[in-house]
Amino acid sequence: MAMKKLLIASLLFSSATVYGADGFVVKDIHFEGLQRVAVGAALLSMPVRPGDTVNDDDISNTIRALFATGNFEDVRVLRDGDTLLVQVKERPTIASITFSGNKSVKDDMLKQNLEASGVRVGESLDRTTLSDIEKGLEDFYYSVGKYSASVKAVVTPLPRNRVDLKLVFQEGVSAKIQQINIVGNHAFTTDELISTFQLRDEVPWWNVVGDRKYQKQKLAGDLETLRSYYLDRGYARFNIDSTQVSLTPDKKGIYITINITEGDQYKLSGVEVSGNLAGHSAEIESLTKIQPGDLYSGSKVTKMEDGIKKLLGRYGYAYPRVQTQPEINDADKTVKLHVNVDAGNRFYVRKIRFEGNDTSKDSVLRREMRQMEGAWLGSDLVDQGKERLNRLGYFETVDTDTQRVPGSPDQVDVVYKVKERNTGSFNFGVGYGTESGVSFQVGVQQDNWLGTGYSVGINGTKNDYQTYSEFSVTNPYFTVDGVSLGGRIFYNDFKADDADLSSYTNKSYGVDGTLGFPVNEYNTLRAGLGYVHNDLSNMQPQVAMWRYLDSIGQSASTSSDNNGFAADDFTFNYGWTYNRLDRGYFPTEGSRVNLNGKVTIPGSDNEFYKLTLDTASYFPIDDDHKWVVLGRTRWGYGDGLGGKEMPFYENFYAGGSSTVRGFQSNNIGPKAVYYGGNDEDNCASRDPKQVCSSDDAVGGNAMAVASLEFITPTPFISDKYANSVRTSFFWDAGTVWDTNWENTAQMRAAGVPDYSDPGNIRMSAGIALQWMSPLGPLVFSYAQPFKKYDGDKSEQFQFNIGKTW
């Protein structure tokens, strides 16, 4: 065998004396050590081919090219006569990747990071990349305050040049902040400044935001908060000179020192606007008006810039540039703002597209749009479309993206990206409710029927005191102008005595239809007609019931429990809704007002009217809308007409999971007062002329309920389910009263409360959990009443299935 000559042994060294400057002609190329990589693939990566004349530079380039493929750990090129012999050692193939000891970082996140670095099962292993990954992960742990953390990549060889890769984590504990010092502050105390930070050296029990665990990212945010605090108060020359973070020897404690220069306070002297204002100079200048002498404020400058961009966006200028340059006059301590505006090009909308609506038809989404194709782009119109899609309640999330059309200087496409949620359910089963006992339920409810936007429901309930069935359907776009049409038919067999109400049974059925007329983006008026037949029996007349029967000319016996009558009523139904909530379910911002009313029309056996008003307002207290304050009210009032009273079975009730939690359902308010009484009533005798109090709730013709809730992130729930679960702490208050109640001497002598007094307010406080389950919204609450009256029944734990209010 001819002696083999070593040409080059590494990337960084080549021998220029082996072949001389002229080199030699390659007749053939042979490989040694190839296993997974095909010969053809290796040859294609080389710059040398048989027949080429090669020299030292060509050999160096060949080695570099083979290394660049990422398939080889070692490459050597030798000459055997006129043949190039390429000896390679392939990198091992990754057979599996596992993790151990990682608690702060999830496996999925680690896999994504590894894949982004080219480390995945089936690929070759680059040990250099592993070292970078180890260091990068350790740097991550250091950034969140875990300075004792270590990450080690363990490679286990397997047959056929394969390896198992295991990343072993030792996370350690988070270093806690021992002290935060601010040096150079004179205008504000250190405690006052630190109170605006997320990082704290002391965290009171009530502070749910502060944290003693050091994180580099949070420190950067706190430094920006500190800068904004000063800039918003006129300190235009404020500067953070340096920041020192010191670690204790045991790596468990952190000391932070922030050195600052406050400077003096500066006032605004004026604003000068220049640039391409696109013909909207008057509107832009109105946004930049200031009161001379006002303190300089960085946040006001940012707000002004955002206002200008938003204004131009409404006129089709999708990408305006607004830059503010402060001119600081140190002599008189003033700042003049120079605002330069470049409106840029004006854009048309070529197309509006929807992504993610696998169930909902495009037409259902498109009819909610206020931005039109072929028209100037209006950022406010695009945002209105997003708001309207959110309020439908069909989607978990709605995002918008304005994309420039390639090759066009003045066209964009608007893309709405939605994530659909389950808007329907089918259920059949047996359950137990704290307010209804054993319950049998069957139903189909679909708020977006076959993706058409129709709401269709077939529901039935059977429990201890009620048998109910209903079919309903609503077309939200009965006309192209957005007039809605809805209707329902129902049957209800209700035994009030079994529901802890006064004694009567009501079998009713009816039908109604309603048209909804949109007034503008946020207001809708409703009008409709209804018919209901009520067949009452097993009535044991109590005072309020007796009063009603007398007003309609019906007679009843105090000695009989089998009084009864039937009534047919036709009603004109009306309503108004104002809705500016940010989404249809689990809102976090905005308000909703809902007014409903009905009044009987000629041909009815009864003559009365009834009104209810519901309000809800959400106030987010953080930018992510995870912490929200919710205020709710419910008001109700009804009365008779033409000398008649409103039917007792139309009364308002309070208590239970939808009104005042912690009290038994419908238990708040007036109680039945019977003539003569029965064995369960508080009577000294069975004298028919005597009135006897009881614990049977009868409701009233007036109601007021209020609630204040603090919505918080739900512990132990991942971000994936954050939009499906809601936790809140609440305070509820409410009362029901009877404006027609006569507080006579006989009633007072019998110890009966004055049920016409609206001041008998009940209160409770507790915690609630809501879950958007496949069966519908499930609401669990635990409440403790802290203001109640004789006869009230408590029920601390409650749950129900139904719509959130």
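Every residue gets a Cβ built from N, Cα and C, even glycine.
Listed ranges 59-69, 147-157, 774-784; the one Swiss-Prot annotates as transmembrane segment is 774-784.
Topology check against Swiss-Prot: Gly482 and Asp497 carry distinct topological domain names and occupy opposite sides of the membrane. Looking at 227-235, 389-397, 425-433, the range annotated in Swiss-Prot as transmembrane segment turns out to be 425-433.
Range with Swiss-Prot annotation transmembrane segment, chosen from 33-42, 763-772, is 763-772. As annotated in Swiss-Prot, transmembrane segment covers the listed stretch 455-462 rather than the other ranges in 303-310, 455-462, 551-558. Swiss-Prot assigns the feature transmembrane segment to residues 564-577, out of the candidate ranges 312-325, 564-577.
Swiss-Prot assigns the feature transmembrane segment to residues 484-495, out of the candidate ranges 328-339, 412-423, 484-495.
Here the topological domain 'Periplasmic' (578-590) returns a mean pLDDT of 89 for the predicted model. For the topological domain 'Periplasmic' (507-522), the number of residues in each DSSP class (helix H, G, I; strand E, B; coil) is 0 helix, 12 strand, 4 coil.
Helix, strand and coil counts under DSSP for the topological domain 'Periplasmic' (620-628) come to 0 helix, 2 strand, 7 coil.
Beyond the topological domain 'Periplasmic' (507-522), the same-chain residues lying 6 or more positions past its ends with a Cβ under 8 Å from any Cβ of the stretch are 370, 384, 388, 476, 478, 481-494, 528-535, 537, 571, 573, 575, 578-580. For the domain 'POTRA 3' (175-263), residue counts in helix, strand and coil come to 21 helix, 29 strand, 39 coil, using DSSP. Listed by sequence, the residues of this chain that lie at least six past the ends of the topological domain 'Periplasmic' (711-724) yet keep a Cβ under 8 A from its Cβ atoms are 208, 396-397, 586, 588, 626-630, 769, 771-772.
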